[in-house]
Amino acid sequence: MAMASSVKVVLGSIAFAIFWVLAVFPAVPFLPVGRTAGSLLGAMLMVLFRVITPDQAYDAIDLPILGLLFGTMVVSVYLERADMFKYLGKLLAWKSKGAKDLICRICLISAISSALFTNDTSCVVLTEFVLKIARQHNLPPHPFLLALASSANIGSSATPIGNPQNLVIAVQSKISFGDFVIGILPAMLVGVLVNALLLLCMYWRLLSVQKDEEDPSGAAVAEEDVSSHRFSPATMSHFSSLNPQEWNSTLDSKNVMRSPNANGSTAHVETLRNRGNSADQNEIQRVPSGSIDSARNSNASKEATTDDHSHGKEEPVALKIIALTDSLQDVCSVQSSEEKENLPRRWKRRFWKFSVYFVTMGMLISLLMGLNMSWTAITAALALIVLDFQDARPCLEKVSYSLLIFFCGMFITVDGFNQSGIPCTLWDLMEPYAKINHVSGIAILAIVILGLSNLASNVPTVLLLGGRVAASAAAISASDEKKAWLMLAWVSTVAGNLSLLGSAANLIVCEQARRAPQLGYTLSFWKHLKFGVPSTLIVTAIGLTLFR
């Protein structure tokens, strides 16, 4: 494409520069409007400056990508409600063998969950859990937070639904879901393994320190606090009908009457309340009612057949027994009625969770079969909405519509910048040195993608370079074109690990950890950079050797 007129080049560059500044630094002092408004501002300026026409701006919006992004976000919301991420989180603490074992588990689980449910979602729901486990074992949190963020980025490269730039590549390249997975999965698995080894090597001594030698300033977390962890209401607002907190509030509302001297009754009611949080709830019903009635009859007989003056000292003991048995009976009747009421709801809840998992598996199988990815995701989302038999507004409100709007503005802005001819001219200068049929060409192309992904973010990089890299590779062979798309997906995704600002997943982990109640921890830019630079370079290079 030839360069446009000098006026269009200048104005298009200004509009793109404004978009870039607001996208990379959303809280700049002179215009703190955020990324979404920044993308819309860049799109509007492209039209106002007449770099592109309004019709061209509408045509630049890629609806299949937006549909796929919307569908996967809705499915992720329902998977959160079905406790999928709670189960993934508990796998981290199940029979853990120590700090090094925990690092490996975090790397594996965050990579798998990111490939299936996007890296941002996995980081949102797992960060606080990882922080709690680290605090419980009195371990430094930053190696575990780095493991979560870096492995989430690497794992998300394996599927088209793992991150936004993969969505763009899958739609534009028309590579099927199965071919995409088969092409990148070996690099992803090796990358996660190498990343875990780098974490162990870099923090081996830190992870080998005994508990009593660690930093005592960290907040202690009890083991039961970790095992009963619930994710933050912002992402996990829909709890089970048998939530332990709800059961406790039910007991409080019933408020069993106690005698002032019946301390044993108070302790036993608290024991029963704690048992309500476990699978042994039926233990409460094992108090034999016959024994209770027998105790009452015995006490009544004793009062009737003895003289008040001669047995006056035993009367408080009888009152204690009656108060205790009355309290036990009240608690047993409360739980019995609650269990009868909640039994149908429990089975309904289990059936609904099974339906969510079944629909999700059906979506993944359909994607592997090569069906249209956008409509498959939307169909799965609508199926979950219908099966829920509830007002869908609470779930739909969790969808990040600001992200969808950001994509719309970005599509228009990047298309306008392409119309100016600047990216095409720069690519023409670089193309002879970036042929993917030579090792040197692959290295130069990877360096360019790494740099642009950290300067301009990975999605704009894919939009700017994708078509040109693929066209250059297609001139060599059809297989090289597919290889070019997959290499672009791999490098642009792993590039997010280079610095704290390179990926939204990194920022999510940092912010979630900083805001965690009573467990707050700040992951600094330099701590991330110290690990991110060697990890990104080594993992990227090793992964590129596995593309054929």
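Positions of Cβ are set from backbone N, Cα and C atoms, glycine also.
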Looking at the ranges 85-109, 485-509, which is given as transmembrane segment in TrEMBL? 485-509
Count, for each of 36-53, 180-204, 438-456, the Cβ pairs lying under 8 Å from the transmembrane segment (399-417), and report the range with the highest count. 36-53
Please determine whether the transmembrane segment (529-547) and the transmembrane segment (36-53) are in contact (criterion: at least three Cβ-Cβ distances under 8 Å, sequence separation 6 or more). no
Between the transmembrane segment (354-387) and the stretches 36-53, 60-79, 180-204, work out which stretch tops the count of Cβ pairs under 8 Å. 60-79
Predicted model, mean pLDDT over the domain 'Citrate transporter-like' (27-495): 75
